[in-house]
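K.L.:
One structure is given below, represented as structure tokens, and several questions about it will come after.
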């Protein structure tokens, strides 16, 4: 028999699980200190439990023919009973009902289970989608990683739940359709870039279902956790592309018939969608990941009838699921060490189980006594999974300032932001002085008081117009300079692309034409936006000039009536308001520029690391073939030194060249 039942029971045995000490409560739960389950926990995090769903499939043809009894009773959408007591006809002796039970018959367990949702055998895939994954799309687009995985024995309905059929799509298809629907509704405020990967774990080997490659290795990354080396992310632009790739990967999955299931999945499949979200208002960037996981079914050789290669497949499936059960046990009971490294499946599910992720688990079970042990084990597994806590936090990109050329500029921006904050606080806390001369003496006539009141109202009205126009000018000026920054970055990207793709081979140039076209379209888009902003700014300037002329005329009238000192408080209040307004706009603008520069720095850092890795590969190959020249070798070593930063020293009196233009884009003023 493939599954060692003693080992599987041991994984769930109460005797093998460390308990909390007396008096320990829910607040004393401690996640694993390994990997991403304990890193970067801060006040922005929220702790939540894994959402556990149970779905009961309808009886199959074999169960109906052999008349197996039902071992599952769904009470309501939250509660179910496993192995309920059967209704029996009483046995009468001499006309009296006998109460004794048959000692030769096994007593029913009558175990009650409570879950987040229980779907009976009559529910549809659409109902499961609405009750499980539809609501997580909102969390995904808010910046949280999300994961959905289906578990159950072979033939329990996992693949039907996740993938479905052409006329009844599963929750994966429906979730992707909902994702694009939400993206379309938010496209005015956000930019979205999507990429997908699809892999399977077959016989403890990781394989790409969208590209023909050999086994892929798992690597530990300090920032991204466990990653699959050389796994290609395919960029997509529409829902049709995504669903086409999903169908392509499904065709490449490893499936073989068994006695339990004619279309049994023999591998664990992981479909992942990567979403890059850019806020158009403040430039904030979020990178999130949605994982849809279809686990292979736990199985018994006696039930599946597997031999030879199928027997080996079943052994590897049970090995990985046993490791998954051990991880869930330790996480549920707060054990410090979590054995993620026992299998490749648990390493890939590390974030989904106890890390930075909102996780939904769908446990699929059969309804009849034919799958009695499998159903019981699945329900115990799901019941323990309810206790697991995950620590969700928004995946907002934070630049680590690796690019030497931008470090000084960003540090200056941070200092400027702090200085502006201090000035703003000082201006807000300043008490507006009131001149004693404003107190009208008792000798003033009622006529003079009325005239002064009217003049104050006229002055306040025209000064308010000036304040509104100043606010518009500063806002438009900030928008214009942000667009200038974006244009500079696009021009720099175009130059990099031109240097990289310049070739005498027209085929190579044609292959890279799409990249140049995208850059040129972005440049044209930004320039058109800037033209619109300039037109609006010119109109506001004209209005401001007219208001300034009206203020000058009114000042002459006020001076001729000797009211200048009496209206001193109105002038001073307006001056302080304008100062506060300018400081607030300067602070907001500096923050936007700093955020934009940090994003550019991270992009350049990624490019530098990627190109240096590629260059190292080709350098090694050329050295191996003996085709590298002394000049090429010297240039490579000089490039290595420049990446180390040894040639990035500048003296204080050195000419800063074009960086002055970049710095000027960080300042705004009315002058």
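Cβ coordinates come from backbone N, Cα and C, glycine included.
Keep in mind it's a predicted model, so treat the numbers as computed, not measured.
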K.L.:
To which of the residue ranges 13-46, 47-80 does TrEMBL assign the term region 'Disordered'?
P.N.:
13-46
K.L.:
Any idea what DSSP makes of residue 158 (ATP binding site), helix, strand or coil?
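P.N.:
The three-state answer is helix.
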K.L.:
Restricting to the domain 'Kinesin motor' (49-388), report the mean pLDDT as a whole number.
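P.N.:
In the predicted model, the domain 'Kinesin motor' (49-388) has a mean pLDDT of 83.
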